[in-house]
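Accompanying notes for the structure given below.
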C-alpha cells in the first residue's frame with residue numbers, strides 16, 4: 001500500500017469509529033467537552049497547534065512515500081526528545097534550566113529512544129557479514145568468501 005492509501009484508511013477509520021467515544025465520554029461524565037474561551041490568544045494558539053500538527057502529518061506521509069513505513073515508524077519517535085528539549089528551552093524559566101522540565105524518567109525515556117534509533121541505524125553494519133559462495137577452480141572445492149577476506153573452503 002502506498003502512503004495515500006494508508007493515510008486515507010487512517011482518516012476513514014477516524015471518521016467512522018473515532019468520534020463515537022466523544023459523546024459517550026461526555027454523557028458518562030468522564031470528560032466534559034466544551035469550546036475554549038473566546039479570547040483571541042487562545043484561538044491563535046489552537047490554530048498554530050493545528051497547523052504544526054498538520055505539517056507533521058504531511059511530513060510523515062511524505063516520509064512514508066519517500067522511504068518506507070518502517071523507517072518512518074522508527075524515526076518518528078525521535079520528535080519526543082526534541083519536544084522535551086524544546087519544553088526545557090521554552091518553560092525553563094527563561095534561563096534554559098532543564099531541571100524545571102521533565103523528570104528523570106522523562107530524560108531516561110528520551111535517552112532510550114535515542115539509543116534505540118542509533119542501534120537500529122548501526123545494527124546491520126555490526127552483525128552482518130556479507131558472504132558469497134565462490135567456486136575455486138584450482139582447488140575444485142566450494143569456498144565462502146567473507147568481508148574480512150578470509151576464505152573458508154568445504
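Cβ coordinates are placed from backbone N, Cα and C, and glycine is handled just like the others.
According to TrEMBL, the feature transmembrane segment maps to residues 62-84, out of the candidate ranges 39-61, 62-84.
Within its own chain, the transmembrane segment (104-122) has Cβ neighbours under 8 Å at 74-75, 77-78, 80-81, 84, counting only residues six or more beyond its boundaries.
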